[in-house]
Each structure stands twice: as C-alpha cells, then as structure tokens.
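Written below as structure tokens is the structure these notes are about.
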C-alpha cells in the first residue's frame, strides 16, 4: 500500500527500548516521541498557529465529530481543507469521532452498520458509520485520519469487549474500503481490547493484517489506573510493526508521556494542558502549581523559574493569579501557552534522553522533582 505517512526509526534507547524516530507527513517531518496539542474545533484554545510553531508543535489534532456538526465538513473542504481553513501548514491528525459519539451522547444505539445517537448540541438524531466517518475525514483533509472504532467504557466485561473488538476490526476494514484519498492521507487503525491481553492480541492481529500505515492504542486513559495502562502497553506495543508509528490516544500527563515512550509509543495527544490551564493549574519542572491559591498573591516569580516560554519570561505568578481570579482571557492564554510549551519541551528532553540511552535515569530524576514519587502524588 502506498502511503503519504512514513515512519523512520532512528534509534532505540538501550536502557528502556524507547524509540527515537521521524514521522514523515505531506506537511513536514517531525521527530518522535511527540506530543500533539489538541485543537478540537480547528483551534488550540486561545493559542494562535504562530504561537504553536514558536513552541515547536509539529502535528496538531482536530476533531471529526465537532467539525462535522460545526461548521460542517463541506465548508472546511470548500475552504481548501483544514490546513487552509485554520492557517496551519504543519501536520494535522483528525480522530474518527467515535470517542465523542460514545462519551457525549446520552442516547446511542450501536448496530453493525454504525451508531445512532443524539447531537449533544440540540438533541437531533444522527448516524455515524465507518464510511461516513471516513468520508468526513477525507473532506477535512488532515494528513493522518483514524478508523472509526467502538470505544467501550472501563471497566467492561470480557464478553462485551470481545464483541466490541470484533466489530472494531470489521469497521476498520470498511474504513479502508471507503478511504478515497490514500495517496494524500494516512489512515491509522485503532487497537482495542481493554485490559484483556488475548483480546488486544486478537485486535492487533486483525489490524496488522490490514496493513495500515500506523496504529493507535485506543481504549486507555478512560478511567483505568495508571498501572493498568502501563501493563496494557507492555503487552500491546510489541504486537505492532516496528516500522510503523504507534499512537497512544488521549494521554497527556507528564508521567504518562514518559512511561508511554518507555513502552514504545511515538505519538500522544490530550486536551489536558489547555483544559487545566483554563482552570488555573500549571505544570512546572518542580510539580504542579494551582495558581489561584492565596499563597501566590504576592509571588512575583515566574510560573516556572526553569522555563523560557513567553509566559515565564514576561509575567509573574501574582499577575497571572490576578487574571485567572478575574476570569480574564489573557490569564487563560498565558497558562495555556505555558502548559502546551511545557509538554512539547518535555518530549524534547525525552528524545535527548533516548539519544543518550538514559531515559530510565531521566524518568527517575523527573518523577523525583515533579513529585510523582510521593505518596498520593497528583496525576499532573
């Protein structure tokens, strides 16, 4: 299969097995492991494309379900596709909309042909199938598009998960058949199976036989404990081809990025940095800071003294706290900028540690500084 997406493996860390690579796309080549900021509605909330480039973002994520509802994939196509519509000339990945259908809609009915559900905005009845999800993504024009999968809840029974995995495999085949722009867009398959090793094995075998240009590990970061996620990754990533990129969906806390890379993951995405930024929480080299707390009212130091981002070079904790407390948009911009920058730079450090065969040492140092080694450590 000819594909516009190619993965080049540069080096494997001797200490951990983590992979240093390059993801080649129609809109540039980007080093992995990488963190992909999420721009659900064709914008990373409060941040401009120029700012994202300034930070070193390579691929960003947009959401098929939301863009289908607003403004409509036909309008995006008319604009020349997502790249032209949002003025972003680097990589874009769109998810299939499956997760939103399963998480946002209170009413949904899963049939073999697809999913019937209600629009979360106005209650209208809608239907999304593998063919429709692929058609929408073809119109949106991202570099990487995702197969439409069923996203089971956690926990799910073995029998339910087995049926779900089999359906996801059949849907993946239908997505491939419906894909009309395979010379311009790489379609990735999504491995499901919950925490059941034999079902992950079955799902991976089914999808690898279809020869996708890349594979995602789905169904994680849905409420399971971190040790369960790590265990699932340990038995799932070895089932995937070494010459294809591996994408862990919906994961963005610093500890999970490092632990995912150690387990052979190349790509990550999450709304976490902008979502917690809007609530006044920031990630720093010394751990997380809840900037709304009273202790920062007279703190005239940067959010993170070890960070050289725009926010930390120019503004103090006291000022940012004032903005957030007053619901000023600029405060949200400053915390969001810093958090996205923090994760992009963290992945640069991870890549450097892989080059130097010292990722396990880096993990230990980072966890100690950040506070992940403490009892009752916070997730981010």
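Residue 1 is the first one shown; counting continues down the chain.
Note: Cβ is positioned from N, Cα and C throughout, glycine not excepted.
Binding site for substrate per Swiss-Prot: 95, 96, 97, 98, 99, 192, 219, plus 149 from the candidate set 143, 149, 266.
For the Zn(2+) site that Swiss-Prot gives as 307, 309, 312, the extra residue drawn from 322, 338 is 338. Swiss-Prot lists region 'RNA binding' for one of the ranges 250-256, 257-263, 285-291, namely 250-256. Of all ranges given (274-278, 279-283, 294-298, 299-303), Swiss-Prot attaches the label region 'RNA binding' to 274-278.
Ranked by Cα separation from residue 269 (active site, nucleophile), the binding-site residues 95, 98, 99, 312, 338 are led by 95. Comparing CA positions across the binding-site residues 307, 309, 312, 338, the one lying closest to residue 97 (substrate binding site) turns out to be 338. Ranked by CA distance from residue 98 (substrate binding site), the binding-site residues 307, 309, 312, 338 have 338 at the top as the closest.
The highest number of surrounding Cβ atoms within 10 Å, among the binding-site residues 98, 219, is found at 219. Each residue of the region 'RNA binding' (250-256) gets a DSSP state, and the totals for helix, strand and coil are 3 helix, 0 strand, 4 coil.
Computed over the region 'RNA binding' (274-278), the whole-number mean pLDDT of the model equals 98.
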